[in-house]
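Annotated domain 'Nucleoside diphosphate kinase-like' per TrEMBL: 2-136, in sequence order. The ATP binding site feature in TrEMBL is assigned to 10, 58, 86, 92, 104, 114. The annotation active site, pros-phosphohistidine intermediate is assigned in TrEMBL to 117.
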Ligand code: CMP
């Protein structure tokens, strides 16, 4: 059964020229990019996207960062796409959790600047896709 997930290439990934690398790994895995948009992130979208982190000490920094430059937002589709992409991304902390061979393990050093986002559950995917791609 096919599933859809929201993938973001965060501002660090766009600035470092890693959009192609992210898309390439998604496609090589066998997943499909069903929609793709380079866009500036409105503060209201960022706040809603990261609502679960509202009380965290890094919430302010996180909003600053995600709105600091364009991101690439994608709908990625395929069998078990949510888990499949999270495996490609690697753990949130790119040094302690993400292993070499994953996007974060290969290209990131700091938790805040961890290159990509992928929905973490079917419920998050549904909520995030509605927020980022309301017409799709
Ligand atoms: P993401 O998986 O997109 O979702 C939450 C984000 O918060 C996470 O990636 C990181 O970018 C950020 N984050 C998580 N923990 C920290 C932290 N300790 N300091 C700064 N940013 C963090």
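Every residue gets a Cβ built from N, Cα and C, even glycine.
Bear in mind that TrEMBL entries carry predicted annotations, made automatically and left uncurated.
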Conformational class of residue 104 (ATP binding site) under the three-state DSSP mapping: helix
Listed binding-site residues adjacent to ligand 1, that is, members of 10, 58, 92, 114 whose C-beta is under 6 A away: 58, 92, 114
Distance, residue 86 (ATP binding site) to residue 117 (active site, pros-phosphohistidine intermediate) (CA atoms, angstrom): 8
Per-state residue totals over the domain 'Nucleoside diphosphate kinase-like' (2-136) - DSSP helix, strand, coil: 59 helix, 30 strand, 46 coil
Other CB atoms, at most 10 A from the CB of residue 114 (ATP binding site): 24
Sparsest-packed of the listed binding-site residues (10, 92, 104) - C-beta count within 10 angstroms: 92
All-chain count of other Cβ atoms within 10 Å of the residue listed as 'active site, pros-phosphohistidine intermediate': 22
All-chain count of other Cβ atoms within 10 Å of residue 58 (ATP binding site): 12
